[in-house]
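Participant: Can you read through this structure? Questions will come right after.
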Amino acid sequence: MAHLPPVDTFDYIVFGGTGDLTMRKLLPALYHRYRDGQIPEDSRIIGTARSPLSRAEYQQRAQAALGEHVKPDALDDATVQRFLNMVYYVSLNGAEADSDWPALKTLFGDASTSRIRVYYLATSPALYGQICENLSREDLITAQSRVVLEKPIGTDLASAEAINDSVGRHFPENHIFRIDHYLGKETVQNLIALRFANPVFERLWSCDAIDYVQITAAETVGVEGRGAYYDRSGALRDMIQNHLLQVLCLVAMDPPVSLEADAVRNEKLKVLRALKPISADDVAIYTSRGQYARGTIGDKTVGSYLEDLGEGVTSETETFVALKAEILTWRWGNVPFYLRSGKRMAEKCSEIVIQFKSAPWSIFSNRPEPNRLIIRIQPDEGVMLCVSTKDPTPTDSLTLRDADINVEFEKAFNIRYPDAYERLLLDVVRGDPILFIRRDEVAAAWRWIDPILQGWKERKAPLEPYAAGTWGPEGARNLLSQSGHLWHEDMKK
Ligand code: BG6
């Protein structure tokens, strides 16, 4: 790894410090950045949570988390020990005024008011306002303080606005970092490079040449012990409102005037505001929702969503959603953007498929397939362009055969692809908000999502079961077939 410039010394205070996100993502990400020399040794990572743990016990948990979530070749005892020396713990209920705030204050000491302080809220979003109020009352918000808000921000527009108002009373907007880890994924950032550094793509990037676009985030995992949260959320709120709409923005936005954060965010906002509303009455036309039933993934039989939730539980929460979005602009007139995401699907795969229009006429005996550009977000980040070439098999006529121009970034650049959080956590320290979501983006996304939620609540679209290990319910296929379109996996057949 090339030498990366270190960031300034910081204190990272994580509320929800014993939680799954902290253990699985935040600590491993900070460890990698530390190992690459980007984090000064006198920085501190301070976990806070209600559990009465000693510092040593918390360090042990952190060490176990690294053991589990960092690849063995990146773990060496000396580096792990030095990293753990930066880890502290304060037993504190961030939402309660009379909790042990003095312990946190003592840990900060006087010297640290000048250093960068990041409050990372990895708790239930319902507590964000309360935590910020307590920080403010305890006089813990310095000029150098920032706050990071994990998604989901709210469950609809009204609750999101309430959270943003309550946080906004204590932090200025440019110190609020609303994280969407999809924006930290290399290939998602790479969309900006691919689109705006390669005129060959940008000249074709409109309804003139593009037939339709698909954005998929499919997972094979189920709800993995997060049933209580997930059942209140569902796939639309958990994945589409944030991750997939953000990716859609990067695919569809106009070129920003610069790489300055607001220049990019202004363009994204324009896309969100140009989304054609899907009214509650139209959800059956534009959306498909499903819930996984028992099925097989690989060679493993897995239970249904309801079984995963626990015995005797009923639920109408969707674990799959597909929808047809349209962007009302000159660039995108009549180009559907199909978004879908689901749990317990056939493969773990996040990708963007740009389906170009067919050739207007063919001089060949077999018709060329339309070109297709596939941007793989995960796994195996890369870009593939599907083209027609001459079939090399000896025949008496010139016939066509499909071929792929394929770049796999990890192989091409021979570098470990960092986890999305690695970039984002240090961007907060750097104070660079380009990959974070501005308040008006959150509001615009909810404004578009709310009527869909309403239509579903009124049961205007069926909740279809789909067998685990498949690509979702039949309704998702119908959503495309009515326009003569196919999902990517159906094209491959
Ligand atoms: C999270 C969702 O934001 O993203 C999870 O809450 C989901 O339900 C996860 O599993 C998917 O992230 P990734 O990076 O694995 O695609």
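Positions of Cβ are set from backbone N, Cα and C atoms, glycine also.
According to TrEMBL, the feature NADP(+) binding site maps to Arg50, Lys151. Annotated substrate binding site per TrEMBL: His181, Lys185, Glu219, Asp238, Lys343, Lys348, in sequence order. The active site, proton acceptor annotation in TrEMBL covers His243.
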Participant: Just the number: how many Å between the Cα atoms of His243 (active site, proton acceptor) and His181 (substrate binding site)?
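Facilitator: Pair distance, Cα basis, whole Å: 8 Å.
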Participant: Around Glu219 (substrate binding site), which residues of its chain at least 6 apart sit with Cβ under 8 Å of its Cβ?
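Facilitator: Set apart from Glu219 (substrate binding site) by at least 6 residues yet with Cβ under 8 Å, we have Ser341, Gly342, Lys343, Arg344, Met345, Lys348.
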Participant: Between the Cα atoms of Lys185 (substrate binding site) and Lys151 (NADP(+) binding site), find the distance and write it as a whole number of Å.
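Facilitator: Approximately 16 Å lies between the Cα of Lys185 (substrate binding site) and that of Lys151 (NADP(+) binding site).
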Participant: List the same-chain residues at least 6 positions away in sequence whose Cβ sits under 8 Å from the Cβ of Asp238 (substrate binding site), in sequence order, or say none.
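Facilitator: Looking at Cβ-Cβ distances below 8 Å from Asp238 (substrate binding site), excluding near sequence neighbours, one finds Pro152, Tyr230, Ser341.
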Participant: How many neighbouring Cβ atoms, not counting its own, are there within 10 Å of the Cβ of Lys348 (substrate binding site)?
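Facilitator: Neighbour count, Cβ to Cβ under the 10 Å cut-off: 13.
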Participant: Could you tell me which of the binding-site residues Arg50, Lys185, Asp238 have their C-beta within a distance under 6 angstroms of some atom of ligand 1?
Facilitator: Asp238
Participant: Please report the Cα separation of Arg50 (NADP(+) binding site) and His181 (substrate binding site) in Å, rounded to an integer.
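Facilitator: Just about 26 Å between their Cα atoms.
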Participant: Of Arg50, His181, which of the binding-site residues has the most Cβ neighbours inside 10 Å?
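Facilitator: That would be His181, with the most Cβ atoms nearby.
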Participant: Could you tally the C-beta atoms, other than its own, that fall within 10 angstroms of the C-beta of Lys151 (NADP(+) binding site)?
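Facilitator: So the number of other Cβ atoms within 10 Å of Lys151 (NADP(+) binding site) is 20.
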Participant: Rounded to the nearest Å, what's the C-alpha distance separating His181 (substrate binding site) and Lys151 (NADP(+) binding site)? Just drop the number here, would you?
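Facilitator: For His181 (substrate binding site) versus Lys151 (NADP(+) binding site), the Cα atoms are 9 Å apart.
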Participant: Provide the number of Cβ atoms within 10 Å of the Cβ of Lys343 (substrate binding site), excluding the reference atom itself.
Facilitator: 23
Participant: How far apart, in Å, are the two Cα atoms that lie farthest from each other among His181, Lys185, Glu219, Asp238, Lys343, Lys348, the residues recorded as binding substrate?
Facilitator: 20
